[in-house]
Every structure is written in C-alpha cells, then in structure tokens.
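Below is one structure, written out as structure tokens, with a few remarks after it.
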C-alpha cells in the first residue's frame with residue numbers, strides 16, 4: 001500500500017511526516033523540493049491513495065493538468081471555497097472522480113503541532129464509510145480520528161472558520177479584549193451554522209471538531225496565518241503587503257469573497273463575512289468593527 005501527499009507546504013509536510021510513521025508515504029508538489037520521500041507528480045499518481053493539501057484556489061487547475069485514475073482513493077485535506085466559481089472542493093473533485101472515492105479531512109490541527117507529534121483529533125467525512133475508515137487507519141496513535149458522512153458540513157466549517165479567524169485577529173489587533181473576541185467567535189459560529197444549514201450541512205457538525213473545534217483553534221492563536229492577517233489589518237496595513245510578507249497562503253482571504261458572493265446569491269445573512277470583505281476593499285477596521293458590535297442578531 002502506497003500513499004502520496006500532494007502539496008509540500010507546511011500542512012502537506014506535516015501530514016506526510018505523520019503518515020510515514022506506519023506506511024510508505026511520499027510527498028510531491030509542482031516544484032522540486034529537497035525533501036525526504038519527495039517524488040515527481042507522475043510517480044505520486046501511481047499511488048493508490050492520494051491526500052491533497054494544495055491551495056483551494058489552485059486545486060482545479062492542478063486536477064485539469066494531471067490525470068487522476070477514477071479508481072484512486074482521495075482525501076481532501078485543503079480548506080477553502082474556490083473564489084471564481086464559488087464551488088466547494090468536493091464539487092470540484094466530482095468533475096474528476098466519483099463521490100464514493102473521496103473523503104474530506106477536517107478538525108483543529110496546526111501543522112507545527114502535528115509535526116511535534118502532539119495529541120490531535122481529526123474528522124474524516126465521506127459517503128463511503130469504509131473508505132473513511134481506511135484513511136483513518138493510516139494515521140499514527142497521536143492523531144485520533146473520527147468519521148462521519150457530512151461532507152458538505154466539513155467543507156463549509158473548514159472554509160468559513162478561516163474568515164472568522166481574520167475577524168478575530170482584527171478584534172485582538174484593535175485590543176478590544178477577550179469579551180469582544182468571545183462574542184465575535186460565538187456569533188461567528190451562529191453565522192457559519194446559518195450559512196451551512198442552507199447548503200444541507202448537519203447540525204451536529206458545527207459543534208464538533210470541524211466546526212467549533214477548528215474555529216476556536218484558528219481564531220485564537222498566532223499560529224493561524226488567517227488570524228495573523230487580521231492582526232496586521234488592525235494595524236492599518238494593506239492586504240497586498242500583508243499577504244506578500246506572509247509568504248504563505250491565507251485561505252480565508254479568497255474564501256471570504258466566495259462566501260460573500262454565495263450569500264448574496266442565496267439571500268443568506270452573513271454580517272461578519274461582509275465586514276471582513278469590506279475591510280479588504282478599503283473600509284476602516286474601526287468602522288467595520290463598530291458595525292459588527294452594533295448588530296442585534
């Protein structure tokens with residue numbers, strides 16, 4: 001049995017390190033890396049099990065340029081919504097593989113802590129429960145895995161929490177205090193639930209690892225790149241310069257635009273996301289934050 005992680009960023013590297021403990025696991029990316037177990041894309045695609053840790057915005061392009069056998073088994077470990085199409089990642093994969101052949105990974109998990117082998121709990125979601133169990137069996141003992149069938153809920157929670165983490169970083173950057181941050185996160189959870197419910201996500205998903213768990217982690221720590229984006233926005237830094245300095249992908253930025261567009265099309269009330277996007281477009285963080293604090297819902 002051979003596994004390949006597609007994507008050699010921090011998260012992909014962390015997954016590779018964890019999975020290679022008990023299995024033959026390779027890692028690959030578009031560009032050559034000086035990494036142990038690194039293989040070409042062609043060699044990676046010869047593996048039966050593929051784990052995708054690419055940027056959500058680059059996923060479709062990668063899938064179009066590289067042939068995936070429809071019999072291959074896939075775990076989607078990226079978290080985001082494609083900005084251009086407003087499609088969830090599972091919808092993108094459906095253009096290339098049957099839904100029975102992929103699962104979605106979610107849950108509170110900083111790459112740095114996984115690489116340190118610190119205790120971590122993850123959720124694997126898919127309609128093929130046997131495949132979920134198979135992927136769960138690949139992980140070492142320090143990673144506890146749970147399985148369910150709520151693919152859409154896992155996708156939405158994983159994407160939405162990144163935007164809420166930016167909002168939380170803005171709140172902390174403005175030194176509004178712990179009370180304000182707690183209010184923002186809890187109201188963000190309600191907003192995320194409202195959005196997800198429209199698309200058929202299950203209620204319990206929002207209170208589990210992929211929902212409240214991942215939201216709390218991502219919205220409260222400087223280990224979160226999305227949270228750090230919010231901190232810098234609160235210092236009146238321009239988004240372009242923040243992202244250039246970050247030198248990593250902050251999925252919440254593009255995802256915020258996608259959620260805003262979807263919410264407008266479907267008539268879903270998403271005040272936090274709307275204000276985050278307004279800040280991206282030049283609105284002052286002080287004005288946007290005051291608007292949120294005055295909301296009655």
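Cβ from N, Cα, C; glycine included.
So that you can see what the record holds, here are the features copied from Swiss-Prot:
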type	residues	note
BINDING	11, 33, 79, 111, 225, 249, 251	NADPH binding site
BINDING	79, 107, 109, 161, 214, 224, 225, 226	sn-glycerol 3-phosphate binding site
ACT_SITE	161	active site, proton acceptor
Euclidean distance between Cα atoms of residue 111 (NADPH binding site) and residue 214 (sn-glycerol 3-phosphate binding site), Å: 13
Residue among the binding-site residues 79, 161, 225 whose Cβ has the most other Cβ atoms within 10 Å: 161
Same chain, 6+ residues apart, C-beta under 8 Å of the C-beta of residue 109 (sn-glycerol 3-phosphate binding site), given in sequence order: 120, 122, 214, 217
Pairwise Cα distance for residue 161 (sn-glycerol 3-phosphate binding site)/residue 79 (NADPH binding site) [Å, integer]: 9
Surrounding CB atoms that lie within 10 Å of the CB of residue 111 (NADPH binding site), all protein chains: 17
Cα separation, residue 111 (NADPH binding site) to residue 226 (sn-glycerol 3-phosphate binding site) (Å, whole number): 14
